[in-house]
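Listed features, source TrEMBL:
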| type | residues | note |
| --- | --- | --- |
| DOMAIN | 51-308 | domain 'G-protein coupled receptors family 1 profile' |
| TRANSMEM | 35-60 | transmembrane segment |
| TRANSMEM | 72-92 | transmembrane segment |
| TRANSMEM | 112-130 | transmembrane segment |
| TRANSMEM | 150-170 | transmembrane segment |
| TRANSMEM | 198-222 | transmembrane segment |
| TRANSMEM | 254-277 | transmembrane segment |
Amino acid sequence: MPSRRVDCTDGLQDWRTLASSRTRSGESQRGCVKALLVAAYSLIIVISLFGNTLVCHVVVKNKRAQSSTSLFIMNLAVADIFITVLNTPFTLVRFVHSTWVFGRAMCHISRFVQYCSLHVSTLTLTAIALDRRQVILHPLRPRMSLTQGACWVAVIWIMGSCFSLPHAIYQQLLTFTYSKEKERSLCVPDFPEPSDVYWQYIDLLTFVLLYMLPLLIITVSYTTVARRLWRHNAIGDTTTAQHATQRKKRRRTLAMLLLVVGVFAVCWFPLNCYVVLLSSQAIQSSNALYFCFHWLAMSSTCYNPFIYCCLNPTFRQELQLLLDMCKRRRPVVGLEPESRPVEVVPPCHRTAWPDNDSSRSRPVHAREVLSGRTDILSVEPIVAISWLQKPTL
């Protein structure tokens, strides 16, 4: 089906406000504004691609990091990479040129891919929260295996694809003339009549099911985890040094949980509210607001690696090992987890070797680090934030 061509003087009915505002603002854009958009979105692309690729590399290359949780983490990083590659550049070009230049086929494909990736991120974040809750509240129960984790990842992608199909199917490339020899193309939703009602309810359902409900589940899960970490003592005897270490871990873990929920809410709440209000025709479109809200939401793909590195010792340990391997160019990855040297400082409440043998320097092996007694607070949850990316209007 070819793209539909209409005359702007006759009005665009459902898209009159959107098209006219984009037309006037597109002509008045200055070079400095375009340069700012290019710089801002390019920063997101570079940081997100580098950070999330590094996350995938750390998980794949280190056997000790491979578990169901790390599989969810890598799945989240892959979804973030897809968003960065197949959403941010398209949005940036549309912002700069004020038109869709990628053709009718990509109008459908890009919308499906960006929705699917974002729904996968949503469901993966929820799975991580539930998995962390199960591990910390029930540390003695068997953990989810890699096979089970892979099955859940497949289910997540299937669900994400199903949620994305309506947005991909009801999409149209609309071409119109707004002045002599000047045309504009918009990749816009094209729902059945009454289109306004369909548009309003599908945005509202997306907001509730893929923002509010997952946020509620994550909040409840991490609140329960935080209460357990704060109130319950470790299993076994507790010395003064151990108590101080446990209290520090509690504070760090609780801060990470609050940061996860807070970053999610701050990054995505403005854009979601803006799109819901716009589809409900409660407000008029504003390019300035939309650019700010969209950039804030897209920037959430950059924070995950920093959260892992700053607040999770396990990821930081694996990253340091990877960097050391790159510097020394040793094939250490092929070694067994029990015999591979882990050149990191062990926790302060355990010693890698006696004090009276400090003159001897030897690598600390994973078997030695993990041989001590483990309490519930030593389970460090690995969590991240990345969330629903609304389509460009």
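Even glycines carry a Cβ here, placed using N, Cα and C.
Curation plays no part in TrEMBL annotations; they are all automatic predictions.
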Seg_contact(the transmembrane segment (112-130), the transmembrane segment (35-60)) with at least 3 CB pairs under 8 angstroms, min sep 6: no
Winner by Cβ pairs under 8 Å against the transmembrane segment (198-222), considering only 35-60, 72-92, 150-170, 254-277: 254-277
Top Cβ-contact partner of the transmembrane segment (150-170) among 35-60, 72-92, 254-277 (pairs under 8 Å): 72-92
Mean per-residue pLDDT computed across the domain 'G-protein coupled receptors family 1 profile' (51-308): 82
